[in-house]
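Data first, discussion second: the structure below is written as structure tokens.
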């Protein structure tokens, strides 16, 4: 007998000690704590990954979203590799150990790539991508092994305890991910947990039931399927029919293997609709994170609901995820109300800042966009759309002030946003405005100096230089809060309270006054993020509840329906549904070109349709019992052995009879 098999049988006889007189092996405590620490480090990194791409690597939203989901997809394609290594070469225990080391190395390399003093942007990108690839191979490689390895710790008769283990196991995933979100700002916490998860797993080594590798199961499965297909299409016309197309491989492969492949394929067919759930779920770290940056983050309230749900709730979990995206759609529709969108082709946006003493009337021939007089120092109501005849156009602007008519000729360009500043002399000054909201929640401010002397202004750590005679400063980002500015001209120092600069807003501050005093008018060019981030709570609650109902069931289902030799393979198949879900996001996000709220609504509708299809498929699915299959083939093997023994006894008996004796 093989040494590995003997050792495994010895481990099975020894059995792990039980926890507190229950039927739960003590070894699963190490597995659950290990999973908690590993998920802490993984989700801690992933929670800020999209923002890391945008703010540190300076990528745009779409590229950041694409790379985020490409990384997530790779993390769930690599389980196939982990399953092959575990089942064909190292076994689950050693696979988890070795690939965990790869995983830790990936985190270290990525962390080095995030150090500002290490190289230039090319080095940062290269190290970050190398680190992410190693993390993907490490975490993906151990994914199909950990849950299945935990299930292996239970004795065959303790099926109810094993079922509950998968709920506990998944709760450890959620607990690790939520704590990571709370504590990610403390880098040392992540590093400590990163090291801890390998140490914790190794610490329980003496308690584990370590099954030997089952051989190259996936390769045998592929060969068997190929043989069946080949024989099916090359069969003679008069060949007898087979009950199943896989039965055409019986000439070369055992009935047991064929039956096990049938069980696996039936489950994999049921997996076909599942990627759509993960397509929605994994957008928490990309599209939902970007949505949060355009909301009011006066406080951040994270809510975690962990509870145990009964089996056969996967379709209900899909519906909850779809409802989560409906909630996200409602939030998004309200969020974009404060966003100034880039004007389309042959259009621009215009607002008028009347800094003259008295009302002015602004008229652009052919465009009735400012029908009412504009009051002196009145805050604009917002930008107004101005159509153009071409990409660039010079327009005549007629201005009436105190009964006198003035005329300006201004050059407008499509896609741009402008402020038309009018002073006491009705000098027209057309300024190109910034309007894109900060992903970091900063407020932006610019100053217009109506005084004759230039001024230097300090707002927090930001310095503004504002020329005199209606000069305009650059628009710079400042942190949200109540702001005081210190103004310095050639004669005096002034300290002025500018009030609240709120998340995502753009402000214009008009500086006025005589040489002995300084006053100001604060105007809002782009409205602040007035939708509170707490409005994201319902969608997170729904998606979390949906995930618990969907994923706990899926983990236990994948394990319970898999033959003993193919548990890691089927676990990898389950994880592949997550990978394909991320591929769906890549296709839709990069190819559809939709507004964000319509994209959310599309995903919700697709998942509802998929949940209906999945429900129909589930209705016709017949649950299998791999243990019964083992008993059946073991009984057949025993009967075969008895027949062989009887034949051998008869042969020996015949040998002992005198020649010529008739029976």
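Yeah, the Cβs are placed from backbone N, Cα and C, and that goes for glycine too.
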> Looking at 206-224, 225-243, 244-262, 263-281, which one is transmembrane segment according to TrEMBL?
Replying inline: 263-281
> According to TrEMBL, which listed range is transmembrane segment: 600-621, 622-643?
Replying inline: 600-621
> If you check TrEMBL, which stretch out of 16-35, 36-55, 96-115 is marked transmembrane segment?
Replying inline: 96-115
> Taking 66-90, 96-115, 127-149, 314-336, 600-621 as candidates, which has the most Cβ pairs under 8 Å with the transmembrane segment (263-281)?
Replying inline: 600-621
> If you count Cβ pairs under 8 Å, which stretch among 66-90, 96-115, 127-149, 314-336, 600-621 touches the transmembrane segment (569-588) the most?
Replying inline: 66-90
> Taking the transmembrane segment (96-115) as reference, which of 66-90, 127-149, 314-336, 600-621 has the most Cβ pairs under 8 angstroms?
Replying inline: 127-149
>> Quick test of the contact rule: Cβ under 8 Å, at least six residues beyond the ends. What residues does that give for the transmembrane segment (314-336)?
In response: 274, 276-277, 280-281, 288, 291, 294-295, 529, 531, 535-536, 538-540, 542-543, 545-551, 553-554, 557, 595-597, 600-601, 603-605, 607-608, 610-611, 614-615, 618
> Sequence-remote contacts (6 or more beyond its ends) of the transmembrane segment (600-621), Cβ cut-off under 8 Å?
Replying inline: 266, 269-270, 272-274, 276-277, 279-280, 283, 287, 312, 314-315, 318-319, 321-323, 325-326, 328-329, 332, 588, 592, 594
